[in-house]
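To start, the structure itself, in C-alpha cells.
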Amino acid sequence: MRGSIIANMLQEHDNPFTLYPYDTNYIIYTQTSDLNKEAIASYDWAENARKDEVKFQLSLAFPLWRGILGPNSVLGASYTQKSWWQLSNSDESSPFRETNYEPQLFLGFATDYNFAGWTLRDVEMGYNHDSNGRSDPTSRSWNRLYTRLMAENGNWLVEVKMTHRY
C-alpha cells in the first residue's frame, strides 16, 4: 500500500534485518536570528556558536515480530535521531549543538477499512521516549503513549497522531 509504513514492514524479505524508513528523513541548512545561547551556556564553545547550522533527521524502523496478533499485525521498533550541527563553525571543531534521540516500540496493523470514501491503511499504538541524552542541568526527556491512524482517499493521504505524555 502506497505510504503505509505498517504494510511495508509486513512484507517478507530474504534479509530479516531489513530497515525501513519510518518518520521523515531529511537534511537542511538553517539559519536563525535568535540562537538561545543560555541553553548551551555550559558548553565551552557557547559564546562562539554560529546562527547557521545543518539540521538533519534519520528515522528507521524494523519489525520484531510479524503476525503477532494475526497476519496484518507487526510488533516493531523505530529509532529517530535529530541533530543540529554547527558545520560552518570550524574554529570550534564543528560541534553538534543539539541531538535528540527517539526510540519507540509499537504494535501496528495494516487495514483496508472503508468509510465515507476514505480507506484506513495504518493503525499504530506505541510507547515513545524522546530525550537529548544529557544529564542535569540541560537534560530533557519525555515519555509518551500514542496512537497513529493513516487513511487515504484518492491522492490524499492523511495521518493523525494522538499522544499522551506522562
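Indices start at 1 and increase along the chain as displayed.
Positions of Cβ are set from backbone N, Cα and C atoms, glycine also.
Quick look at what TrEMBL lists:
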type     : residues              : note
ACT_SITE : His129                : active site, proton acceptor
ACT_SITE : Ser131                : active site, nucleophile
BINDING  : Ser93, Arg134, Ser139 : Ca(2+) binding site
The sparsest Cβ environment within 10 Å, among the recorded positions Ser93, Ser131, is found at Ser93
Between the C-alpha atoms of Ser93 (Ca(2+) binding site) and the residue listed as 'active site, nucleophile', the distance in angstrom, to the nearest integer, is 24
For a quick check of packing: other C-beta atoms within 10 Å of the C-beta of Ser139 (Ca(2+) binding site), how many? 10
